Amino acid sequence: MGTKVNKDGKKPPSAATNLIAGGGAGMMEALVCHPLDTIKVRMQLSRRGRQPGLPKRGFVATGAEIVRKETPLGLYKGLGAVLTGIVPKMAIRFTSFEWYKQQLANKDTGVISGQALFLSGLAAGVTEAVAVVTPMEVVKIRLQAQHHSMADPLDVPKYRNAAHALYTIVKEEGAGALYRGVSLTALRQGSNQAVNFTAYTYFKEWLFQWQPEYQGSSLPSYQTTLIGLVSGAMGPLSNAPIDTIKTRLQKMRAEPGTTALQRITRIAGDMFRQEGVHAFYKGITPRIMRVAPGQAVTFTVYEYLKERLEKSAPAILTGGRYEE
């Protein structure tokens, strides 16, 4: 089964359109969904499952504990790092996906196969992971892992904000620390976007076939939201263990004399021996609750902003209609 890259013969959206529409979509997604990401990180870092007498804590209890001890603002720890990186991240994601898709399309017919679509998403995810996501996640996780109260001015954490965390990490551990876990991050982002873009593209095409009256225009926003929600939930289910190991690796300081592979292997081994198989799926509920609505918000806002830009913006923004 294949899909035509641009059915109307126009160019894909320009980098400027992807920067504005993708960045706006990403910022909205971060503001709406970041508290769930903080809960997910805390659950993944939790050692309660292996301490006698301490029951495992679910995502509701984890969130309530953060609010009780650290105020509701504690749920937004690390948001600065996310907002700093979200505009280039989303611009890279959509622009590189379009570029890879054009490269892999059949040169004669313009049709891109399902396999090529999957590879385009995979490559786009790896590209954003290496360019933006890994450093952003290292800073974000360090901030989210701090248990200080946001209401107590005397409770001064090691990392005061995203800029201070970035400076401190580079000063104490070197610039290479920002790329700790880059292989796992690339694997997670690549698999996420491969599944996400492939599912979204086919869902969108099926809806156009089912509702021919929308051909040549955009789907209703509620339909974009629904297919974004479903496609967004598929990625986390496929790579939860990768994300949990990555989170623990990025929380750690570097250990002289050990390679990244050795640290990954030891983390995975310790988790399995001390906490059981279920440890690899810690935080899966808030992660799905974070990623699925996040993708729904991202695709809905992106499609909306892109359409508005293409209708009203100057020529530099109008690269053409985006159709998978």
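Note: Cβ is positioned from N, Cα and C throughout, glycine not excepted.
Feature annotation from TrEMBL assigns repeat 'Solcar' to 13-103, 115-206, 219-308.
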Taken over the repeat 'Solcar' (13-103), the predicted model's pLDDT averages 85
The correct DSSP tally for the repeat 'Solcar' (13-103) reads 76 helix, 0 strand, 15 coil
Helix, strand and coil residue totals from DSSP for the repeat 'Solcar' (219-308) stand at 77 helix, 0 strand, 13 coil
